[in-house]
Amino acid sequence: MGFVEGGGDKGGCFIGGMKSLVRRKQVDSANSKSSSAAGSSHQLAKALTIPHLITIGVGSTIGAGVYILVGTVAREHSGPALTISFLIAGIAAALSAFCYAELASRCPSAGSAYHYSYICVGEGVAWLIGWALVLEYTIGGSAVARGISPNLAMLFGSPDSLPFFLARYTIPGLNLTVDPCAAILVFLVTGLLCVGIKESAVVQGFVTSVNVCVMAFVIVAGGYLGYKAGWPGYELPVGYFPYGVNGMLAGASTVFFAYIGFDSVASTAEEVKNPQRDLPMGIGFALSICCSLYMLVSAVIVGLVPYYAMDPDTPISSAFASHGINWAAYVITIGACTSLCSTLMGSIMPQPRILMAMARDGLLPAFFSDVNKRTQVPVKGTVATGLLAGTLAFFMNVEQLSGMVSVGTLLAFTMVAISVLILRYVPPVEVPLPSSLQEAIDSVSLRRSGCSSSSDIDVENTKIPTVTSDDSTPLLGEISSGHPLVEKAASRLSYLVRQRRKVAGWTIMFTCIGVCIVTSAASIVSLSNPARYALSGIGGFLLLSGLIVLTCIDQDDGRHSFGHTGGFICPFVPLLPIACILINVYLLINLGGATWARVSAWLVIGACIYALYGRTHSSLNSAVYVPATHVDEIYQTSAHSLTC
């Protein structure tokens, strides 16, 4: 039966250390959920439904950036074709959303991309993804909070109109600008998140509704003004694509980051009442609403004012002002403030749940895994997150670090797409179980061994059925199972079945390598043309070959029993996940060397923490690995022994 005990080498040797990087934890299932619930005193509250998830997704996605992106991207890249840029970016984001929807419904636990990577790829990659997400949400929350006070001041008349206890001021001699308003807002949001997930979702829904109403005002009022004025932004001699198709695609790459945030829905998976149904619908509806609003707002604004005349800082309010509606600036500012507050909640909410998931797995101290008995929220992790984000927002201008947020998100998107490929073609054949189930494991092992011995005896005495024609004349005489031809054919078939998984695994790896080569050749401008063509040819060959091979071979039957069944199934596999990987890696490479230098330093720190603490404290160190097909029987045996 092949039970393997121990997930890691406690001796700390090199081979054991390498094995710990690729060990995978157990996929969620009804049995594992009930077992973990029985062994844990407090669980997260099952309180969220589809409306809650939609408000979380829309609120986390639509930030104040859209009020600025419209002008910047239209002037520099897309022109009047900005609407198509938003559509293309929305389709690209939908590729990741499809992958998230399948994994979230199959594995509805806290942790999001970290959790999926741990199940499908391995502990080392999962740690880096979780560590990158911690950076993303911390920096993202601080940057968002830092942007609220200038917009809030505009409601009072000028950038310097805030009360003295909220206004920014510079500390003499240190050249340090502190922002009390940003820190206070972070602490307020942290307190709200500690009250309960449902209460937080209701408040975020209200704030998001105000923002959506402001965008609806822009669409309706702007549409009326454009109709009266004859849409001057579209009546241009340069046409609809002044920068060509390349400019439109460059604009799509820029506005793609306006869709980041829907993955916050997946981080609340463990708190959803019906995750198999609600999570895919929540992600899908949230992304559809965001895409529709973006396209409508951009279509109206680029029609009100010619793209070259747009104000890059305040494109929407200046567009209304050019048609005599100066008071619209206050409405737009309210929308910007509410969108930033909603995004702030969406940035802080996921991080405690990721910290909790990592602590549950032993990779972080158990402090972060505590769930408050009354509110059913990871209060300690939420407070720690709020204190860190609030301190950064108070002391630091983190705008120069905002690119690091995109790295964390795109790494997570890429790993989720790879996880879908692994789920379909090479799902785990062995899974770890806690050592507390050792008695049930031994019982099933003995039972299986006895059944295997009996079946071996039966097979030896079994004849292969004969194939006959209509007159019952044997075409092939009876052949004993011991016949060398039959044994050779059976051996060959078994070999091919085993090799199919190896072929699929290697194909996925070489496809990812091909994606990296192609995107690097397309992005590195310092390469000579011959080198670029050569790299593009090699990468393209690996990419297309991988796509063809994965399309031709069968997907693994184990995918049907992977985690919870009955949820969303990602379509067009392997094409859709591979396209998702290609887009995300291209965007990652183009984020710039300075951003990657900062992220690399953070990841090195994370790798040291994992080597010194996470690897030795991992819950998989004492795990017992068993065949995935026997897990349900082991849990049933354990439950039966407890009731007897």
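The backbone N, Cα and C atoms fix where each Cβ goes, and this holds for glycine too.
Among the features that TrEMBL reports, domain 'Cationic amino acid transporter C-terminal' is placed at 568-618. What TrEMBL records for 50-70, 82-103, 115-139, 177-197, 209-227, 239-262, 283-307, 327-348, 377-398, 404-426, 533-553, 565-589 (among others) is transmembrane segment.
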Among the ranges 50-70, 209-227, 283-307, 533-553, 565-589, the one whose Cβ pairs under 8 Å to the transmembrane segment (82-103) are most numerous: 283-307
Residue numbers, six or more beyond the limits of the transmembrane segment (533-553), whose CB comes under 8 Å of its CB atoms: 421, 425, 500, 503-504, 507-508, 510-511, 513-522, 527, 574-575, 578, 582
Contact between the transmembrane segment (283-307) and the transmembrane segment (50-70) (at least 3 Cβ pairs under 8 Å, separation 6+): yes
Helix-strand-coil residue split for the domain 'Cationic amino acid transporter C-terminal' (568-618), DSSP-based: 40 helix, 0 strand, 11 coil
Residues from the same chain, set at least six apart from the ends of the transmembrane segment (209-227), whose C-beta lies under 8 A from its own: 55, 58-59, 62, 233, 289, 293, 296-297, 300-301, 303-304, 316, 319-320, 323, 325, 328, 331-332, 334-335, 338-339, 342
Distant-in-sequence neighbours of the transmembrane segment (404-426), which means Cβ under 8 A and at least six residues beyond its ends: 95-96, 99-100, 102-103, 106, 112-113, 116-117, 119-121, 125, 128-129, 132-133, 135-137, 139-140, 143, 257, 260, 263, 501, 504-505, 507-508, 512, 550, 553, 555-556, 559, 562, 570, 573-574, 577-578, 580-581, 584-585, 587-588, 591, 595-596, 598-599, 602
Chain residues in Cβ proximity to the transmembrane segment (565-589) (below 8 Å; excluding those fewer than six residues from its ends, i.e. six or more beyond): 92, 95-96, 98-99, 101-102, 104-106, 253, 256, 275-277, 279-280, 406-407, 410-411, 413-414, 417-418, 420-421, 424-425, 511-512, 515-516, 518-520, 522-524, 543, 546-547, 550-551, 555
Intrachain residues whose Cβ lies under 8 Å of the transmembrane segment (50-70), provided they are six or more past its termini: 82, 144, 147, 151, 198, 201-202, 204-205, 207-209, 211-212, 215, 254-255, 257-262, 264-265, 268, 272, 278-279, 281-283, 285-287, 289-290, 293-294, 297-298, 301-302, 310, 312-316, 332, 335-337, 339-340, 342-343, 345-347, 349
Average model confidence [pLDDT] within the domain 'Cationic amino acid transporter C-terminal' (568-618): 92
